[in-house]
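Before any comments, here is the structure.
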Amino acid sequence: MTETFAFQAEINQLMSLIINTFYSNKEIFLRELISNSSDACDKIRYQSLTNQAVLGDESHLRIRVVPDKANKTLTVEDTGIGMTKAELVNNLGTIARSGTKAFMEALEAGGDMSMIGQFGVGFYSAYLVADRVTVVSKNNDDEAYTWESSAGGTFTVTPTPDCDLKRGTRIVLHLKEDQQEYLEERRLKDLIKKHSEFIGYDIELMVEKATEKEVTDEDEDEAAATKNEEGEEPKVEEVKDDAEEGEKKKKTKKVKEVTQEFVVQNKHKPLWTRDPKDVTKEEYAAFYKAISNDWEEPLSTKHFSVEGQLEFRAILFVPKRAPFDMFEPSKKRNNIKLYVRRVFIMDNCEDLCPEWLAFVRGVVDSEDLPLNISRENLQQNKILKVIRKNIVKKALELFEEIAENKEDYKKFYEQFGKNVKLGIHEDSANRKKLMELLRFHSSESGEDMTTLKDYVTRMKEGQKCIYYVTGDSKKKLETSPFIEQARRRGFEVLFMTEPIDEYVMQQVKDFEDKKFACLTKEGVHFEETEEEKKQREEEKTAYERLCKAMKDVLGDKVEKVVVSERLATSPCILVTSEFGWSAHMEQIMRNQALRDSSMSAYMMSKKTMEINPAHPIVKELKRRVEADENDKAVKDLVYLLFDTALLTSGFTLDDPTSYAERIHRMIKLGLSLDDEDNGNEEAEPAAAVPAEPVAGTSSMEQVD
């Protein structure tokens with residue numbers, strides 16, 4: 001009995017987009033369908049490693065492409081694992097994959113249709129060339145079913161007990177009138193060679209072969225007799241003597257006979273088994289596209305073999321772009337395909353390379369792993385651990401080779417810089433090598449980025465530390481008050497603008513024996529002359545009373561108030577403890593959906609307020625405190641300085657409303673306006689402005 005189902009909303013939207021929008025590269029549909037067939041063959045082959053019986057009578061795994069000009073259909077058929085009824089319903093219509101929406105967004109943003117395979121929705125590309133698609137599938141665990149849809153928002157599923165499929169899937173495309181070119185033999189051959197040459201299973205194309213054949217008149221007579229049997233009236237002929245007939249020479253003639261047969265289109269042996277010197281760049285690019293579903297060539301390639309006690313061959317590719325879901329925790333990584341003696345085992349072997357290398361694509365073919373190895377055994381397998389170690393080593397070599405070309409490495413770092421940093425955080429064994437791959441903007445690098453090695457070579461005489469600041473953007477950090485004194489002394493400062501930089505700096509303490517120093521934290525000291533040290537001590541003594549008064553006003557909002565060593569032009573800043581979170585890290589943790597509040601309270605240590613004794617505002621505050629410690633304007637000014645310092649130091653205001661009210665009062669005083677409604681002013685934490693408008697105005701104007 002035929003059942004009708006509605007497409008899931010996002011899938012319906014995707015199909016509508018595919019059908020109603022013009023795309024020039026419609027040819028990719030064949031690549032996607034062949035790729036899906038290859039995956040289906042992979043799955044049944046993997047099952048057969050532990051249970052040979054699953055192959056049954058259909059032990060030859062292959063893919064067939066059959067053009068039918070008479071019926072205007074193109075069929076792609078495989079002997080893979082097939083689909084049950086539930087899988088047909090779910091996989092081809094009612095359950096949207098995670099990539100469906102992402103792919104539509106990519107298309108709307110100007111992306112290429114050929115990206116479709118990367119998002120796991122390649123099947124729907126069939127509707128680029130077909131107005132109706134029929135899928136017949138037979139799985140070992142179910143009877144055969146036929147799925148069919150003309151993309152009108154619904155599809156049907158029908159039991160097909162008399163199906164001739166023993167196991168596998170047959171996809172029949174009923175081609176649109178303007179897409180009949182995909183029935184031409186030459187066109188199909190070119191497409192298979194272009195996109196699917198390195199698929200691991202035979203791709204058999206149904207081709208027509210014309211042969212000339214000599215036939216006798218007897219053959220023609222037989223043919224005529226056959227026609228007669230079909231209803232034609234037989235001709236009356238004179239009966240001749242056999243001997244007389246034999247004496248005559250038999251007449252023959254040549255006729256053209258057209259036959260159909262399947263011809264394998266992908267006869268090349270696996271690329272990784274060949275000598276790298278014999279493989280062209282075009283062949284690597286074609287192979288990469290075949291295994292990755294990418295539409296672009298790879299950025300770089302590493303083809304190598306390891307011999308000795310352990311033997312394996314591998315090809316690693318670095319893509320030009322990062323996949324859209326690279327850091328999704330639920331995403332199953334299928335970056336490197338594992339083969340054992342040319343037999344495909346699996347394509348999502350998470351133990352084959354670490355998470356930070358999730359973007360690397362490729363194949364590994366081991367001579368030593370057992371063919372029937374299970375996922376559970378893989379985790380404990382010593383051979384796999386050695387292979388993993390070698391893959392990481394070769395990947396690092398590949399990155400170093402890319403780094404030799406500045407433009408290529410710029411592309412690489414834009415896409416995969418986060419992965420390098422994740423590697424530093426997670427891979428202690430390779431941390432030193434990975435640090436050499438880091439690039440940062442700095443106060444001296446302009447629009448370019450610098451390496452840590454180059455930074456060290458430019459360090460000033462007497463500079464003992466590698467100075468850095470963390471924040472949201474390069475633009476903000478260039479004007480940060482934290483770097484004022486460092487820049488005045490001619491010290492270069494690294495700008496770290498990605499959230500992952502905070503985690504990286506928790507793991508690294510030095511580079512080439514030069515310690516890292518975060519300018520947003522306590523404990524930063526610059527080399528000073530004896531004269532500078534003497535002046536610093538005098539300032540500490542002179543401003544001790546102001547520091548105490550400011551601490552009394554701010555209470556537990558700050559740990560302490562001290563005279564700053566790092567300020568040059570700003571009046572004050574807020575720094576965090578050496579081992580606590582920086583302002584940038586606080587912001588990152590605030591934005592965590594599942595943050596641990598108790599951990600946040602512990603790590604968000606109290607801040608230290610540093611004041612600049614050379615700044616006019618600070619000097620005036622000092623004068624006021626010394627003249628009258630109970631000056632009511634001082635409290636409001638201290639709070640205003642504190643809130644402003646929170647902002648310039650990268651923190652978030654806990655009470656933006658109070659800050660705004662203080663600013664409004666300042667504006668009123670600047671405009672010589674009376675404060676008509678004291679009731680609207682905040683009671684805490686700032687004190688009210690003094691009652692005498694004239695005196696208050698005078699005081700604020702002096703500060704300004």
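Cβ atoms are placed via backbone N, Cα and C, with glycine included.
Note on Swiss-Prot: of 45-74, 165-194, 675-704, the range annotated with the feature region 'Disordered' is 675-704.
According to its DSSP assignment, D78 (ATP binding site) is in a strand. Listed in sequence order, E32, L33, N36, N91, L92 are the same-chain residues six or more apart from F123 (ATP binding site) with CB atoms under 8 A from its CB.
The Cβ of D78 (ATP binding site) lies under 8 Å from the Cβ of S37, S38, A40, C41, L61, R62, I63, R64, G168, T169, Y201, each of which sits 6+ residues away along the same chain. Mean pLDDT for the motif 'TPR repeat-binding' (700-704) in the predicted structure: 41.
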